[in-house]
């Protein structure tokens, strides 16, 4: 740790401590009062200063740039909403939106179902619990780029293990990168492989806070394990499910590294016909390959709108899970 | 104990299968790093380590377009700096939000929560780039350090952690003894929140070690971080599987070491954080 501590660590639960005078006498008068008033702001200021500089300011500035024909170090002409109007008519943009949403849906649904199953399994009494928990978290510790490299090889046309495995069942070789849906599957498995265990751990933590007597009462009433899962576990998990879906929505809709690595070459086009170009790839391509910064900024704001819509849809959907059954 | 809590054979099978699925791609990556290219494309692929690790490492370090060693060193510098900053800033702010009363604290904390939902790095990418151009920092690693020095998740997590790990009486006792707020932070709060700091440090380190999009835009190929270095390898030597896998394996090795040493704390921290969320 970076800070020296000049006192021994106190016990986490201190014994009965002398409560002291009812109104603690604050020595030092003015100086101490200044300390009480001002220090909290001093403590939170590093966060807000840096956050304003590298978070809020760029966000607002993006809006400003998006209203211009803006080239890096070149001409900056005010356009008003022209970039947005052009974007909304841009097929390439909509293609990237469809890909992003497609991959998001294709990855999130199986991921949540699997994570729920895993969490439920881990919630049972079993030997070596920690071992299993660490095991399913292992993928999280690998990097996105590493995962993409490994999976891209697994999905290679001629020597890839996926095609070899399918070949055992008489399925012809699939060119995973050539079609939208096959590329979506390949990319979705990368996402799911890395995140399912993490989500399972989060859901497991929430499962463990569900009072056991709920299950005992249900058992006495003769409810099956499956029924208990759907009528007790899932409804009680709703807040955590909302949280998990929420994180997945932001992660899924800003997807970048996996499709870029899957592509291999640095064009950011997402395949010959853009079959797996995501919105994030579209933004970077417009801004940093074609140097149309205004257009890229407008796309960034539309991405934000997409995330807001996605979050709202998911929120209302998740709220209903196990709701009034 | 109640019968319904015991794991049946089906549960064990599900878990064992999940474990194999989790571990296999990682195992495969390490195996490939010890093989030759002709072995790597055999079907079925080899599933045991071979003897070519040394030669793959040498080729990796010699691959001029990847600058792998530079990338590794840069990643260590970037991730460490960012981690120290995030942990420091988050414990300071977390202490204030959890234990001190000040006007506007609820609003400020709410603001942090709201902004956690905005993908700032992706949305602000154009102005951030212009900022770095103006400062003359494109291609240099401070360009990938500065935007990540704080994050809302860290503040939120340390606020939660400090609330439950530091009893109010302890702070009051410090006040009675005449300690200043900073003094209380240093000698009461910091020691008590150490486990939370450790988890935040590990998560932050991992996250920054994995950062890809922004470094790939703002850094030069000659001065990469480890992830962009691998992307360069992938572009230039995509068919040299074993070298690519050697680089990939080397890039995740530091994280694995951390995970093996601190795995228990990471799981505990994730679970604790999750319940509070």
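Each position is counted from 1, following the chain as shown.
Each residue, glycine too, has its Cβ placed from N, Cα and C.
Checking TrEMBL for transmembrane segment across the ranges B:38-60, B:107-129 points to B:107-129. Given the ranges B:141-163, B:210-232, the record in TrEMBL names B:141-163 as transmembrane segment. Nonlocal intrachain contacts for the transmembrane segment (B:107-129), taken as residues 6+ away from its ends with a CB within less than 8 angstroms of a stretch CB, comprise 97, 138, 147-148, 152-153, 155-156, 159, 213-214, 217-218.
With respect to Cβ pairs under 8 Å, the transmembrane segment (B:184-206) is most closely packed against B:72-95, considering the stretches B:12-30, B:72-95, B:141-163, B:241-262. Between the transmembrane segment (B:12-30) and the stretches B:72-95, B:141-163, B:241-262, the greatest number of Cβ pairs separated by less than 8 Å involves B:241-262.
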